[in-house]
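Quick look at what TrEMBL lists:
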BINDING   ARG56, GLY57, ALA58, ARG99, GLN205, ASN256, LYS257  substrate binding site
SITE      CYS166  site 'Transition state stabilizer'
ACT_SITE  ASP246  active site, proton donor
Amino acid sequence: MLKYRPEELTKLPRSVEYKAGTVYIIDQTKLPAEFKIIALRTVEEVAEAIKTMKVRGAPAIGATAAFGLALYAETSKAKTKEDFFAGFYKAYETLKNTRPTAVNLFWALNRVKELAEEHREDSLDEIKRLIVEEAQRIADEDVEANLRMGHYGAEVLPEGNVLTHCNAGSLATVHLGTVGAVLRVMHKEGTLKLLWVDETRPVLQGARLSAWEYSYDGIPLKLIADNAAAFVMQQGKVDAIIVGADRIVANGDFANKIGTYMLAVLAREHGIPFFTVAPLSTIDMSLKSGKDIPIEERSPEEVLRCGGCRVAPDVDVYNPAFDVTPHKYLTGIITDRGVVWPPFKRNLKKLFGEIY
Ligand SMILES: CSC[C@H]1O[C@H](OP(=O)(O)O)[C@H](O)[C@@H]1O
């Protein structure tokens, strides 16, 4: 039973919206210094915003890409269906090639593409209308999924101090967050005593984004360097760890921001419950193991600089944006259809079998 509505859980606006051929996003590269909403008016601008992480976070990326297709549909000057679909597929490829790890991107793009193809015999105006409608539906469903996950997660996380990594908050989704929804419901219920926020080098999604959005909503938190997480756990100051996910595969292995695997091993060492939370649109049942997940490598500049200052000489850099945590370290997977417990391979298969 959902006790709270989004507006009772956060004062933030949605992270991405669409209106009449324009995609509006919060420019996350400007936070925390500046809260700025920017307008994206071409597919290329949408793609660039995803690539440069002006908008980031698996579900937010998916919804933004879907709105990119809506933007194409609503602004296309094509006179024939053949020309329209030629441009549609070009837009689809441009958006598909932005970032490789978060499966929500491909899930959202394919959902819109398949709908458009199913209605190829309809009028061009009807096809355009359906594309825009489906993109909006994807965004609205994300908010409802987050609301459900918030309630499910708050039921299973123990009362006390929670540690999180990166940002899987409202900014990483259309609204509320995945981790963010759980933390906000716990805060509402009085069961979240303190939130430990990992700064999350090199892009600092924790320090710049999580610290900003959770303090904005009044959640008590302490920001720590990534290297301090183990010490905080060793002092017995963490009662649970909850992180987002960019791709969960059929056996429960999952990709998430670099540094997640380290936390999982430490949680096991210290007997701390370790959860990931993600909607079904983040689960890729086509991959059997985490070894199959494509891991994005980003620019060396992200590591060579911090807060705009150069922090290292011009040396070789390895900058994987994600790592893969084996399912054996997971206590549970909080989804919008309930909590999935071990054995993950069997229970994920059962969950998807009941739905599809
Ligand atoms: C709610 S999914 C958030 C997920 O996405 C982040 O990656 P990035 O900031 O590179 O888009 C991170 O892995 C979060 O856990």
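Here the Cβ of each residue, glycine as well, is placed from N, Cα and C on the backbone.
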Those binding-site residues in ARG56, ALA58, ARG99, LYS257 whose CB falls under 6 A of ligand 1, listed in sequence order: ARG56, ALA58, LYS257
Separation of alpha carbons, GLN205 (substrate binding site) and CYS166 (site 'Transition state stabilizer') (Å): 5
Collapsed DSSP category at GLN205 (substrate binding site): helix
Cβ contacts of ARG99 (substrate binding site) (under 8 Å, same chain, 6 or more positions away): ILE50, LYS51, ILE61, LEU105, GLU296
Additional residues surrounding substrate, by Cβ distance to the ARG56, GLY57, ALA58, ARG99, GLN205, ASN256, LYS257 centre under 8 Å: ILE61, ALA102, CYS166, ASN167, ALA168, ALA172, GLY244, ASP246, ALA321, PHE322
Separation of alpha carbons, ASP246 (active site, proton donor) and GLY57 (substrate binding site) (Å): 8
Rounded to the nearest Å - Cα separation of ALA58 (substrate binding site) and the residue listed as 'active site, proton donor': 5
Cα distance (Å, whole number) from GLN205 (substrate binding site) to ASP246 (active site, proton donor): 14
